[in-house]
């Protein structure tokens, strides 16, 4: 029998592929990975259950990372599936799960789907002109990491665009609740394009103070993408300074810093001008 | 009304999303882009028509690039769709089509799907460790371009993996037929991993002869991927030399040159050892 890893794409219930849906309907058990992405917002277990016409079991971080056996249990005799927002190989955790399954001689099949890594092409910037993807971490209480800056600078230098994935905090515990051993979670938080642009400009300022010419400035162009693939998708092309003050609405957001642009790319971006 | 660009994913009829399928079924006219990808092999118009239960109009290169008006015709009063293998923004042509639609005040909506750009994650190499994607061109009759070498070398230097997309020649005319003005096309040709590895090794040899230390050698590891997402998908992890002699079967093939690898990546690749 087979352990299926099924991508859900950009987060609408109808974004599953026909192949994926057919498999979900025939599997003995269906798990839903509930932490790396958007599931707290918009798409939830009950919506999926209604659409699939079957039960879906939520698997939180602890189970997927530390208790994979629970998910794989019985996959040697029945078809079992795990649903993952985006493409199944967007996160390291799933590689680990595949390896565990292989060690148990369980056949693994993957039903791919889109992720922001290729959907970002909708802004008009060509996928083959992107350099390394970076993750921008949410600044909290004086913890202000900036390790992604160097990657952006390297991309810029080479003329590449940079896709910045923005931090998501779901199922986080407050220090107080953690110490009390209470499994009470803070409301999910998503880094917005405005916040990310603000952080980036702060980093540029600090570089300048340190005598380094920053890779970008307030006037540098950027592209903000919100809810890609959703009915209310929004794309905005403006300066980093403007982005730092612009409200793109509900999550998820992604930010792109364009490198060298071709005329066709510029023409397309101009249709999203602020 | 809306002009829909709908991704078909990796090429099986069932790879369309539920959203995409619902749109295809309600549109007045559905075009199928018939040249940038795998459509000659395995998936064809008749299979799609049978699956969708409706007519599909094939649009060849000339129409999409030079006669976009034909495709957009009537999209101001009816819903019209164009189907594209992979994700709609994998190719520049579609950006152009979107721009033309926008100029005509036609609403454009995109239904994203997976493309090899993110599906390549199935080999175990992490997507965020990939550098620039390159296209390896088929060598023909003494025309032996090697411009992709520099990009691979740059990726290697930075420790990044390189996804090499392999050349596809469909609807090519022989010089004879072209001169005679005959619209007779050569059978489609697809660059294989073996051919690509052979070309890469030839380039390395030439660099050596020119006194340059090449970025890779016969013993360098590589990953060959064939028919990703299909029932008979095949992934092989071996040396470039071995790959140059290995038959991965029918198209499409893609080749990956890994950069610096993490233990989890190596563990996963080892499950595909030759």
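Placement of Cβ uses the backbone N, Cα and C atoms for every residue, glycine included.
Here TrEMBL flags B:3-243 as domain 'Tetrapyrrole methylase'.
When secondary structure is read from DSSP and collapsed to three states, residue B:10 (S-adenosyl-L-methionine binding site) falls in the coil class. Every protein chain shown contributes to the tally, and the Cβ of residue B:10 (S-adenosyl-L-methionine binding site) ends up with 26 other Cβ atoms within 10 Å. According to TrEMBL, the feature S-adenosyl-L-methionine binding site maps to B:10, B:87, B:90, B:115, B:116, B:166, B:228, B:253.
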DSSP state at residue B:87 (S-adenosyl-L-methionine binding site), helix/strand/coil: coil
Predicted model, mean pLDDT over the domain 'Tetrapyrrole methylase' (B:3-243): 90
Against chain A, in sequence order - binding-site residues B:10, B:87, B:90, B:116 with Cβ under 8 Å: B:10, B:87, B:90
Neighbour count (Cβ, 10 Å) for residue B:87 (S-adenosyl-L-methionine binding site): 30
Reduced DSSP assignment, residue B:166 (S-adenosyl-L-methionine binding site): strand
